[in-house]
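TrEMBL lists Asn105, His110, Glu115 with the feature oxalate binding site. According to TrEMBL, the Mn(2+) binding site annotation covers His108, His110, Glu115, His154. The disulfide bond feature in TrEMBL is assigned to Cys33-Cys48. TrEMBL lists 60-208 with the feature domain 'Cupin type-1'. Among the features that TrEMBL reports, signal peptide is placed at 1-23.
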Amino acid sequence: MSAFGKLIVIMAMLAISLDKASAGDPDMLQDVCVADLTSGLTVNGYLCKKNFSEINFSSMVIANPGATNNTFGSAVTGANVMKVPGLNTLGLSMARIDYAPGGINPPHTHPRATEMIFVLEGELDVGFITTSNVLISKHIVKGEVFAFPRGLVHFQQNNGKVPAAVVAGFNSQLPGTQSIATTLFASTPTVPDHVLTKTFQVGTKQIEKIKSRLAPKK
């Protein structure tokens, strides 16, 4: 291989390496960049406010349990850049998740973040599935932590008789959440029935029944 050819290969490898290194939120270029949530402009994050104070770096949003009287028996309360504007460009956020007895945080993914949870109260059955379809699961208790790798489908369920709660940490200011069930069965416009019947090997009636149960309440 010529010297020029070797240089091209080295540059390509460097580009791939840099791309992998920048997989998380972009690095900050200033001390702080408090999000201007009123601006209609965003460039992979929010514009910086000119004036800010300590209020922009604090919140009581996850101090109290969320309401779990819903279909899944769980409530996720985020402490992300939308609630704590000072997180803008810092590459982290938190959430509180509460579970009623029998409640579940259904299978979902966070496309922009790895997640780690700390059990505040109760016990949970948790797990994630690798891209090789291997389930990694565990029963976790109060005081225990568990990590869910970025982008992998994962879940938590309270199979106990008392409420449970966790605090979750993410390495993104806005990790995003994509629920598998609602993504497939409650999108707008809806995924065509023939795609879902072929995918799940069931009939149209079953698909329509699931869609009706997951449809947003009017």
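Using the three backbone atoms N, Cα and C, a Cβ is placed for every residue, glycine included.
Keep in mind the model is a prediction, meaning the values are calculated, not measured.
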**Message:** Using the alpha carbons only, what distance in Å do you get between Cys33 (disulfide bond) and Glu115 (oxalate binding site) once rounded?
**Reply:** 23
**Message:** Cβ within 8 angstroms of the Cβ centroid of His108, His110, Glu115, His154: which residues besides those meet this for the Mn(2+) site?
**Reply:** Thr109, Ala113, Phe128, Phe148, Leu152, Val153, Pro175, Thr177
**Message:** Measuring Cα to Cα, how many Å separate Asn105 (oxalate binding site) from Cys48 (disulfide bond)?
**Reply:** 34
**Request:** Using all protein chains in view, find how many other C-beta atoms are within 10 Å of the C-beta of His110 (oxalate binding site).
**Result:** 23
**Prompt:** Taking the Cα atoms as reference points, how far is His154 (Mn(2+) binding site) from His110 (oxalate binding site) in Å?
**Reply:** 9
**Request:** Tally every other Cβ atom lying within 10 Å of the Cβ atom of His108 (Mn(2+) binding site).
**Result:** 19
**Message:** I'd like the Cβ neighbour count for Cys33 (disulfide bond), meaning other Cβ atoms within 10 Å of its Cβ, all protein chains included.
**Reply:** 20
**Asked** Could you state the CA-to-CA distance between His108 (Mn(2+) binding site) and Glu115 (oxalate binding site) to the nearest Å?
**Response** 12
**Prompt:** In angstrom units, rounded to an integer, how far apart are the Cα atoms of His110 (oxalate binding site) and Cys48 (disulfide bond)?
**Reply:** 25
**Prompt:** Which residue counts does DSSP yield for the domain 'Cupin type-1' (60-208) in the helix, strand and coil classes, in that order?
**Reply:** 22 helix, 56 strand, 71 coil
**Prompt:** Which residues, sitting 6 or more apart from Cys48 (disulfide bond) on the same chain, put a CB under 8 Å from its CB?
**Reply:** Gln30, Val32, Cys33, Val34, Ala35, Asp36, Asn88
**Item:** Additional residues around oxalate, ordered along the sequence, whose Cβ is within 8 Å of the centroid of Asn105, His110, Glu115
**Value:** Ala95, His108, Thr109, Ile117, Phe148, His154, Ala168, Phe170, Pro175, Thr177
**Asked** Which residues in the same chain, at least 6 apart in sequence, have a Cβ under 8 Å from the Cβ of Glu115 (oxalate binding site)?
**Response** Ala147, Phe148, His154, Ala168, Gly169, Phe170, Pro175
**Asked** the domain 'Cupin type-1' (60-208): mean pLDDT?
**Response** 97
